[in-house]
Amino acid sequence: MKKSINEQKTIFIILLSNIFVAFLGIGLIIPVMPSFMKIMHLSGSTMGYLVAAFAISQLITSPFAGRWVDRFGRKKMIILGLLIFSLSELIFGLGTHVSIFYFSRILGGVSAAFIMPAVTAYVADITTLKERSKAMGYVSAAISTGFIIGPGAGGFIAGFGIRMPFFFASAIALIAAVTSVFILKESLSIEERHQLSSHTKESNFIKDLKRSIHPVYFIAFIIVFVMAFGLSAYETVFSLFSDHKFGFTPKDIAAIITISSIVAVVIQVLLFGKLVNKLGEKRMIQLCLITGAILAFVSTVMSGFLTVLLVTCFIFLAFDLLRPALTAHLSNMAGNQQGFVAGMNSTYTSLGNIFGPALGGILFDLNIHYPFLFAGFVMIVGLGLTMVWKEKKNDAAALN
C-alpha cells in the first residue's frame, strides 16, 4: 500500500529539490540574456535559437529517456541528469564563443529530458490517485520556485561577474546529485522494472509518436505543445523586451520575475488542489489558457514598472496552475505507462520550446510586440482545442 505524502517527506523534499535545481539553472540565464546579447553582438533571433537548441536536444532525448526511466529506474536517471546539468552550466560559464553556448544548451536539454520524466514517474509511483494532483502541484511549485530563485540569484550574483551564476548552478546540481545517491531509493523493484521494460523494449520514437496521437492522449499532448509554445515565446523575449522598451537593468528584470514567481507559487500551493477539486482539470486548463491569452495581448500596451509587474504576476500564475493540471490529467490516464506518458509529455513540451523561442526571436527582430501577439493567438488555439476534448477515463488502460 502506498504511503501518504506526509509519511514520505524526505523523499519528496529530495525529489522537489532536484527539479528545483534543474529549473534554477534555466531561470539564472533570464536576467543576464540582454547583457550576453550585447557582449556577444547577437540578434534576437540568435538568442531564440540558443533557447531552441536546448529544446531540440530535449526533444531528441525524451523518447529514449522515457523508456530508460522504466527500464533502468527513476533514481539512476535523476542522478545522471543532474550530473549532465552540472557539466552544461560549467561549460556555459567558461564559454567565450556562441558555439560553446550552443553546446552547453544541448547538454542542458539532455539533462532536462532525463530529470523531468524520472521525477514525474517517481512521484506517480509513490502517490495514490487521490493525492497525485496535489503531489504534481508540489512538483510544479518546485519548478516555479526555481524560476523565483533563479532570476533573483542571477541578477544578484551577476554583480560579482556575469558568468558567476552558471558556476553556482553547476555546484548545486553536483551537490543535488551526490545527495540523491545516498538518500533516494528506487521507487520500483527489479521485478516491476522488468515488467515495465517488457512493454517498452521494442518501442521507438516513431512508434511512441504514433501511440501519442491516440484520442485518449492526443488533445492533451497538443495542449502541452501549445502551452510550451506560447509560454516559451513569451519568456524568451521578455527580458529583451524589457531591456529594449523600458531600459530595465538585469536587477529590474530579476525583481519582476522573482516577485511574479513568488506570488504565483504561493497561490498555487495554497489553492491549486482546491481549485482542481472544484473546477476539474479541464476547466482549470481552459481558465488558464484564456487568462494567459488576454494578458499576452495586454503586454503589448503596458507601460511602467508596476504595470509590467502586475501583468507578469498573473501570466505566471496562469501557467503555474496550467502545468500541474495537465500533468495530473496525463498521469491519471497513464496507468502502468507512466514512463511513456512522462516522456511524451516532455517530447511535446520540447516541440513547443523549439518553435516558440525560434519564432519569438524572429518576430522580435521584426517588431518587439509581435511575439506577445503571437503567443496570445496560440493560446486561443489551445483553448479552442479544449472545447472538443472528450475525456475518456478507461481507454488508456486498454492501450497498456
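Cβ coordinates are placed from backbone N, Cα and C, and glycine is handled just like the others.
Swiss-Prot has this to say about the protein:
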TRANSMEM  11-31  transmembrane segment
TRANSMEM  46-66  transmembrane segment
TRANSMEM  78-98  transmembrane segment
TRANSMEM  106-126  transmembrane segment
TRANSMEM  142-162  transmembrane segment
TRANSMEM  164-184  transmembrane segment
TRANSMEM  213-233  transmembrane segment
TRANSMEM  253-273  transmembrane segment
TRANSMEM  297-317  transmembrane segment
TRANSMEM  346-366  transmembrane segment
TRANSMEM  368-388  transmembrane segment
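A contact between the transmembrane segment (46-66) and the transmembrane segment (164-184) is absent, since fewer than 3 of their C-beta pairs, 6 or more residues apart, lie under 8 Å. Scored on C-beta pairs under 8 angstroms, the neighbour of the transmembrane segment (142-162) with the top count among 11-31, 213-233, 253-273 is 11-31.
With respect to Cβ pairs under 8 Å, the transmembrane segment (346-366) is most closely packed against 106-126, considering the stretches 11-31, 106-126, 164-184. Through the fold, the transmembrane segment (368-388) approaches residues 219, 222-223, 226-227, 229-231, 233-234, 236-237, 240-241, 244-245, 282, 285-286, 289-290, 292-294, 296-297, 299-300, 356, 359-360 of its own chain, all at least 6 residues removed from its boundaries and within a Cβ separation under 8 Å. The transmembrane segment (106-126) makes contact with the transmembrane segment (11-31), as judged by at least three Cβ pairs under 8 Å among residues 6 or more apart in sequence. Beyond the ends of the transmembrane segment (11-31), by six or more residues, the same chain brings 5, 78, 81-82, 85, 88-89, 108, 111-112, 115-116, 119, 122-123, 126, 135, 138-139, 141-143, 145-151, 153-155, 158, 165-166, 168-169, 172-173, 176, 179-180, 183-185, 235, 238-239, 250-251, 253-254, 257 to within a C-beta distance below 8 angstroms of the stretch. Long-range contacts of the transmembrane segment (253-273) within the same chain: residues 27, 30-31, 34, 133-134, 137-138, 140-141, 144-145, 147-149, 151-152, 154-156, 238-239, 242-243, 305, 308-309, 312-313, 315-317, 320-321, 324-325, each at least 6 residues beyond the stretch ends and with a Cβ under 8 Å from a Cβ of the stretch.
Long-range Cβ contacts of the transmembrane segment (297-317) within its own chain (Cβ-Cβ under 8 Å, at least 6 residues beyond either end) map to 144, 147, 234, 238, 242, 246, 248, 252, 256-257, 259-261, 263-264, 267-268, 291, 369, 372-373, 376. Beyond the ends of the transmembrane segment (78-98), by six or more residues, the same chain brings 15, 18, 21-22, 25, 40, 42, 46, 50, 104-108, 110-115, 118-119, 122, 163-167, 169-171, 173-174, 176-177, 180-181, 184 to within a C-beta distance below 8 angstroms of the stretch.
Long-range contacts of the transmembrane segment (164-184) within its own chain (CB-CB distance under 8 A, at least 6 residues past either end) are made by residues 10-11, 14-15, 17-18, 21-22, 24-25, 28-29, 32, 75, 78-79, 82-83, 85-87, 89-90, 92-93, 153-154, 157-158.
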